[in-house]
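Here's what Swiss-Prot has on this protein:
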| type | residues | note |
| --- | --- | --- |
| ACT_SITE | 193 | active site, proton acceptor |
| BINDING | 57-88, 193-197, 243 | NAD(+) binding site |
| BINDING | 190, 222, 244-248, 261-268, 345-349 | substrate binding site |
């Protein structure tokens, strides 16, 4: 075959890492490959590298275009393995055959943390234990996806609201190697997720210290983009409550007011999925710089309150859809009303970017409005007609 007809990834072995070394093709066991992050990472690896991916998940809807069947140019590059890591003996075999395991599997929807705390703890800690064990025992590298929730509350949140130190960065900017992890009381089961994620981080770190496990831990700060979460009643349960962007998207698609929990005063940062995937790509191909590291991956420039996010999404969706906003586009609801008993929250989550910038030279690029336009355009094209049909059927049967 001539080079002109080769797929883009065919020459990937000639690429160099950040230290000028050739990048050898890897075999990657990607657990949770069928989800939001996994689907984008699979696309990136198939388009730009020669790596081979064992895509492990219980569903493949978001990567069906890659695996069912694989396009001719990806033959032998990606394979789907339908298994549940809770109880499938095939998992160890896949990890043994791989050079690198990436674990994306998790329950990571805030509405589940205090309504399904046992499932949340089991999914994020107990079910992750065999993955760590198999990697450690077989001397395989692990990239484990954690969460920015492990930081919990900021130090500044314990100061009076008018205290001048609340505005000082050292009281709210979150640093991987310095910031304490501060959670609420046990009765606030919202912290079940953060505690489980922190404990598996500590176990991975201990495996590295005592048994030489090569690992990288990723702490995502609100990664946003197409294929995130689900729209209730369309490609997810009708009673399901996805994360904030999908919740607001669902409201906009149905022309319902956006629900602001406790007034929407919490502050968050948001990063575009394609920017974040570039950071993960750098971790994969620069093990000497990534091993033993914990990386914040977010965009501190895209900080807004949840209320401001709702306002921006309302404006952007009106432009995308051509539909004017509602006269009353937002309503306030209490956290108890929206999430149930046991909910608690962190006031602010701003990532420090020093370590990832120093080790990998990575910085996010996409402004918040641009990523919202891309995401809401996708949501509108993907879901609007299905929601119209659903609403019309509900109206006819009532």
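Cβ from N, Cα, C; glycine included.
Feature map: Swiss-Prot annotations on the structure.
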residue: 57; record: NAD(+) binding site; Cβ neighbours (10 Å): 24
residue: 62; record: NAD(+) binding site; Cβ neighbours (10 Å): 21
residue: 67; record: NAD(+) binding site; Cβ neighbours (10 Å): 19
residue: 77; record: NAD(+) binding site; Cβ neighbours (10 Å): 20
residue: 190; record: substrate binding site; Cβ neighbours (10 Å): 25
residue: 193; record: active site, proton acceptor; Cβ neighbours (10 Å): 27
residue: 245; record: substrate binding site; Cβ neighbours (10 Å): 22
residue: 248; record: substrate binding site; Cβ neighbours (10 Å): 26
residue: 266; record: substrate binding site; Cβ neighbours (10 Å): 19
residue: 348; record: substrate binding site; Cβ neighbours (10 Å): 21
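Ranked by Cβ neighbours within 10 A across all protein chains shown, the binding-site residues 72, 263 are led by 263. Note: the Cα of residue 82 (NAD(+) binding site) and the Cα of residue 193 (active site, proton acceptor) are spaced 25 Å from each other. Among the binding-site residues listed (190, 245, 248, 345, 348), 245 has its Cα nearest to the Cα of residue 72 (NAD(+) binding site).
Counting only same-chain residues at least 6 apart in sequence, those with a Cβ under 8 Å from the Cβ of residue 345 (substrate binding site) are 190, 262, 266, 335. Ranking the binding-site residues 57, 62, 87 by the distance of their Cα atoms from the Cα of residue 263 (substrate binding site) places 62 first.
There are 13 other Cβ atoms within 10 Å of the Cβ belonging to residue 82 (NAD(+) binding site). Look at residue 72 (NAD(+) binding site): DSSP puts it in a helix. The residue listed as 'active site, proton acceptor' sits 19 Å from residue 245 (substrate binding site), taking the Cα positions as reference. When the binding-site residues 87, 196 are scored by other C-beta atoms within 10 Å, 196 scores highest. Of all the binding-site residues in the record (245, 248, 348), the one with the smallest CA separation from residue 87 (NAD(+) binding site) is 245. Cα of residue 196 (NAD(+) binding site) to Cα of residue 348 (substrate binding site): a distance of 21 Å. Here the candidates are the binding-site residues 245, 248, 348, and by Cα distance the one nearest residue 57 (NAD(+) binding site) turns out to be 245.
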